[in-house]
């Protein structure tokens, strides 16, 4: 609609049209960039414009002193005439749409549509975020974010290439903190230790097992703990037999002794003893390597045993008692003689006693448990009484077995 003015000047909101000599309304919605901000829509009216919500509409009055001039449009709504043709109007380019700023305007033939961004759905005129986690897109855990979602895996898993599935992580190949051996399992891993170690409370560290603290019977003598294992050692004079048992070293056979040519090496438990070859003391004279005889032609020999035989032996400490130690056996006996056996000397504490077996033999018995190192020298006497050789009474003679007993320091 135009207004006839008396001068070339028009009021605010109108401009002079020289072709018609009239004042015409200015469409501020087209001439002013971004006339309305935010979600507001610009509505032109005579002499000005209004910013109203996009859902608002303006109904023109039936009679108005100033009405816009609407040219005749022979084309359908959404089209405009170009010559003899009707051409689609691109409302999106002309900003003649009511899409929200977050929405995308898509032109269609004769109209337009408002499309929400990906991850949103349209409810009425608004775009609402789609909660993709409701559709179980993720194998483990789903985290919804505006317009999208992300998948997360439980500890011990990682996202597969599709960003939805979870695959097991081989922690053993990724530097798991196992100090010795690592075994991968589904979703986790296990630490294991070598023999001789045990897993610590943290589940990662392997600590040495002190096997020696578990039992005193692992080794015969002494247990030595080592990283991951233990070993047995033996005292001086012994050598390890197998892995746990100690065996006495016979220095007399190995040649490790220091006895002279005039001495005899006697092996005992854990060591050796050098004894003189000639141990006969006056009035005895040596008749063999270990036998001394007191000649009957010497008056002093009448009150002494006729012969002394030297023997040597070794026993261990803490033997179970009573324990048979040495058997005495007569080598020659006169016909009709009656023999008895006794400990003549060397057993002041009563650690031994004699058990006679028969007329020709007897057994030396350890009566009390003894500990070494210790040495006994026992004179074991066999007294022979022969009535047949008696002219003025019974004839009596004796012989002595001088037994040197060495008690070792250990019970083996």
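Every residue gets a Cβ built from N, Cα and C, even glycine.
Heads up, TrEMBL stuff is auto-annotated, nobody curated it.
Taken from TrEMBL, the feature domain 'EGF-like' applies to 88-128 (among others). Counting only same-chain residues 6+ beyond the ends of the domain 'EGF-like' (88-128), those with a CB under 8 A from a CB of the stretch are 38-39, 41, 54-55, 76-80, 146-149.
In the predicted model, the domain 'EGF-like' (129-167) has a mean pLDDT of 93. Look at TrEMBL and you will find 129-167 (among others) tagged as domain 'EGF-like'.
Residues or ranges marked as domain 'EGF-like' in TrEMBL: 208-247 (among others). Taking H, G and I as helix, E and B as strand and the rest as coil, DSSP gives the domain 'EGF-like' (208-247) the counts 3 helix, 18 strand, 19 coil.
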- Item | Cβ-Cβ under 8 Å with the domain 'EGF-like' (208-247): same-chain residues at least 6 beyond its ends | 194-198, 269-271, 409-410, 412
- Message: Quick check on the domain 'EGF-like' (129-167): DSSP residue counts for helix, strand, coil, in that order please.
- Response: 4 helix, 16 strand, 19 coil
- Give the residue counts of the domain 'EGF-like' (88-128) per reduced DSSP state, in the order helix, strand, coil. 4 helix, 18 strand, 19 coil
